[in-house]
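Engineer: Okay, here's the structure, questions in a sec.
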Amino acid sequence: MAFFSLPSLTHPIHPTPVSSFSLKPLIYSSSPGFFSHPFRATRVTNQKSHAEASTCKAQKADHHQNPSTYDSISSSKSKCGKTSAGKFERRDVLLGLGGLYAATTLGTKQSSLALPVSPDIFNCTEATETRNGIPINCCPPSAAGYNDYTPSASEVYTRMPAHAVSHDYVKKYSSAITKMKNLSMSDPRNFYQQANVHCVYCDEGYPQLGFPDKKLEIHSSWLFFPWHRWYLYFFERICKNLLDDDTFTLPFWQWDDSSGMQIPSMFNDSKLSLYDCIRNPKHLPPKVVDLAYNGTDLPIDPNIQIQYNCCTMYTQMITQSSTPECFFGQPLLGGNDPDPGAGSIENIPHNCVHDWVGDPSQPNNEDMGVLYAAGRDPIFYAHHANVDRMWYIYDNVLKCKNIEDPDWLNSSFIFFNEAARPVRVTVKDSTNLAKLGYTYPDLPLSWLDCKPKARRRGLNPTKSAPKASEVMPMQLEKPVSFVVERPKKSRSGKEKAEAEEVLKIKGIQFDKGETVVFDVFVNEDDTSQSNPCKAESLGSFNSLAHGHSMKSTTSQCFAISEVLEELGADDFDSILVTLVPRRGAVTIGGIEITFVPKS
Ligand code: C2O
């Protein structure tokens, strides 16, 4: 038996020089030395039109490096205050509508043994194609014979912002990616096999170990942060190894700061292997990223977009990250259905940035705009390094608590290391960056000062609206407003410090083959457009397309204590919630307010 299983031959997966295709090459004509994208040929044959050829014209390199200062965070505030008291237990979470909450979230754990999640790597099944027929096939080489791995770094190296590194660094990183792309496809360190590792964990390639009929999915749950931390860890170690340089670290795309809110120039230089031509041509530099992108470009000035992004960062990192579950995502226990619910950062800006980079003229918004293909764009790893940095900031700057549940800590994943050997790692070994041998610089966080303001305080527009129970469950086809009762109002400062008031939207059903977005407003009568700098715009539900057609049922948390104070609505018995569909077909099962301990 061959140690490595080779990908199916129906998929032209080996890097092939463009000249061997009779199809008109879309991309490489102006840069013949550049790497061919092994998946490109497949997709070309599936395209309706080649009109977007210009999207892949070589972009003139912009080697200008923006200088950046590394001031220490003088203005940083401790948002959560780390306490060791109060172990985070789901069973203690209940206040308010306890019974309901218990029946949905806790029942699973109480009725079965507590079990961490692991992949069953011996039974990878191919999600063979996307919902519109593009081949996927992402089971990586066999991981048989894996060993357990515990990191114990002796040195700590600092990852740097992608827009502020030296020309030599860019050359070095690009040569690492070149080397990864040049490895044989049977080598799991090959760049496109690394992309497959992401694909297999997101398109339900592996069952959960011990639960053959339950698929493993590392998005939309509390596994999101640790899985991606480990993924980048091994990707970085493969780079270090191929460069023969232990000091090398991955760059991060600092989209949370105005200096980094466009595609970093290193990824936009067609002469480098960091380039990917399958991106939205309208979003190349100097376009400012929309961190809350929902598929439509806002007709606003770039400076206003920067302001919106600043408010989005405040909302997602501060307001919406006030409990460990809201930040990390909902518990995924062994034997449970995937997708219990994404955390704040996974939802926005993580999914939005993916969607914003992907090319809407591709069948599934490839590469970045669909999870099965996202890892084929080198910018993925810089995007995720910044997502990982948000966890670093949550932990080390805001001093908020990590999850302490043993089911989270003992969940495990299997990756390929720098020696191309399969290794099994646990979530608990991902929480200490010093042991992993890297850290992030302490940069100013301008978004700490971007708290959204109320458009109008004290508005109580609940009178004529139906109750939530009268409209749920519902297919969300047009904006719908309804009243949600609050189990408690006017809580004391102490009560608020102990528990967050959480609006939870449950039973959100859709097909993961496509991107789905809806906006959520509180006490707002003008819901034509959401404005991240207005407190009435509570946020959005955003689920990024996976590729493969799969039914999903999930939930989304919105922390509302701070928002209701800002809106002058803390003394009201109920709030008016409006859901506005923006993209994709979705059904909503129910909605409730609960009180969730902050630590
Ligand atoms: Cu695993 Cu950004 O996705």
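Easy rule for this one: first residue shown is 1, then count along the chain.
In case you wondered, yes, glycine gets a Cβ from its N, Cα and C as well.
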Engineer: When you check TrEMBL, which of C80, C124 turns out to share a disulphide bond with C139?
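Structural biologist: Of the listed candidates, TrEMBL names C124 as the partner.
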Engineer: Identify the region 'Disordered' range according to TrEMBL, selecting from 50-78, 485-513.
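Structural biologist: Of the candidate stretches, TrEMBL labels 50-78 as region 'Disordered'.
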Engineer: What does TrEMBL give as the disulfide partner of C199, choosing from C138, C277?
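Structural biologist: Here TrEMBL pairs C199 in a disulfide with C138.
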Engineer: Taking the recorded Cu cation A site as H198, H219, H228, identify the other residues of that chain whose CB atom sits within 8 Å of the mean position of the site's CB atoms, giving them in sequence order.
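Structural biologist: After dropping the recorded site residues, what remains is Y201, C202, I218, F224, W227, Y231, L371, H384.
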Engineer: If you count, for each of the disulfide-bonded residues C124, C139, C199, the other Cβ atoms lying within 10 Å of its Cβ, which residue has the minimum?
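Structural biologist: It is C124 that, of the disulfide-bonded residues C124, C139, C199, has the fewest other Cβ atoms within 10 Å.
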Engineer: If you measure H219 (Cu cation A binding site) to H350 (Cu cation B binding site) at Cα, how many Å is it?
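Structural biologist: Between the Cα atoms of H219 (Cu cation A binding site) and H350 (Cu cation B binding site), the distance comes to 11 Å.
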Engineer: By DSSP, how many residues in the domain 'Tyrosinase copper-binding' (219-236) are helix, how many strand, and how many coil?
Structural biologist: 13 helix, 0 strand, 5 coil
Engineer: Residues with Cβ closer than 8 Å to the Cβ of H198 (Cu cation A binding site), same chain and 6+ apart in sequence?
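Structural biologist: Counting only residues 6 or more apart in sequence, the Cβ neighbours of H198 (Cu cation A binding site) under 8 Å are Y231, L371, A374, G375, F380.
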Engineer: What whole-number Å value do you get for the CA-CA distance of C139 (disulfide bond) and H228 (Cu cation A binding site)?
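Structural biologist: The separation of the Cα atoms works out to 18 Å.
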Engineer: In the same chain, which residues outside the set H350, H354, H384 have their CB within 8 A of the centroid of the CB atoms that define the Cu cation B site?
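Structural biologist: In sequence order, the nearby non-listed residues are H228, E346, N351, V353, A374, F380, H383, V387, L544.
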Engineer: Between 0 and 100, where does the mean pLDDT of the domain 'Tyrosinase copper-binding' (377-388) sit?
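Structural biologist: 98, rounded to a whole number.
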